[in-house]
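Enquirer: This is the structure I want to talk about, given as structure tokens.
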């Protein structure tokens, strides 16, 4: 065998060995951090929110005045921070016109925002926390419908 061929065979064998070892490791149960008396029982986290008291106060009734109004629903999960997240649900399939009637020639669609939440761990490590992405509906908007012409 040439040096190049020998190197490729060794690389292949090394790769297979790594894959097998990683599958054996991943099949085992994850280990939790051991309890330690010097580890604090609670941790204080300071959240610094910029522009908290800005003068750009928004009207709180956008959900009623919109041409695509929505209702807010409480999403509560005690194992998550924040534990309460308010989510929007579009009231109509169509949009509200200037007369206050629903116009089904337009579509009311949700506006979604991805946020980060902290989730409390469960078995086998109940005292752990993990950061998760969550898709939240924050409002609704009015759009023109997608029309497919059949020829």
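A Cβ is built for glycine as well, from the same backbone N, Cα and C atoms used for every other residue.
The signal peptide annotation in Swiss-Prot covers 1-22, and the record cites sequence analysis as its basis. Annotation source Swiss-Prot lists N-linked glycosylation site at 36, 53, 64. What Swiss-Prot lists as disulfide bond is 90-140, 95-142.
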Enquirer: Around the C-beta of residue 64 (N-linked glycosylation site), how many further C-beta atoms are within 10 angstroms, looking at every protein chain?
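Expert: Taking every protein chain into account, the count is 12.
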Enquirer: How many other Cβ atoms sit within 10 Å of the Cβ of residue 142 (disulfide bond)?
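Expert: The answer is 19.
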Enquirer: Give the distance between the Cα atoms of residue 140 (disulfide bond) and residue 95 (disulfide bond), rounded to the nearest whole Å.
Expert: 10
Enquirer: For residue 95 (disulfide bond), which residues of its chain lie six or more apart in sequence with Cβ-Cβ distance below 8 Å?
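Expert: Listed in sequence order: 67, 68, 102, 103, 106, 107, 108, 142.
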Enquirer: Do you know offhand how many angstrom separate residue 90 (disulfide bond) and residue 64 (N-linked glycosylation site) by C-alpha?
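Expert: Cα-Cα, rounded: 11 Å.
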Enquirer: For residue 64 (N-linked glycosylation site), which of the three DSSP-derived states applies: helix, strand, or coil?
Expert: helix
Enquirer: Given the disulfide-bonded residues 90, 140, which one is most crowded in terms of C-beta atoms within 10 angstroms?
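Expert: Going through 90, 140 one by one, the largest Cβ count within 10 Å is at 140.
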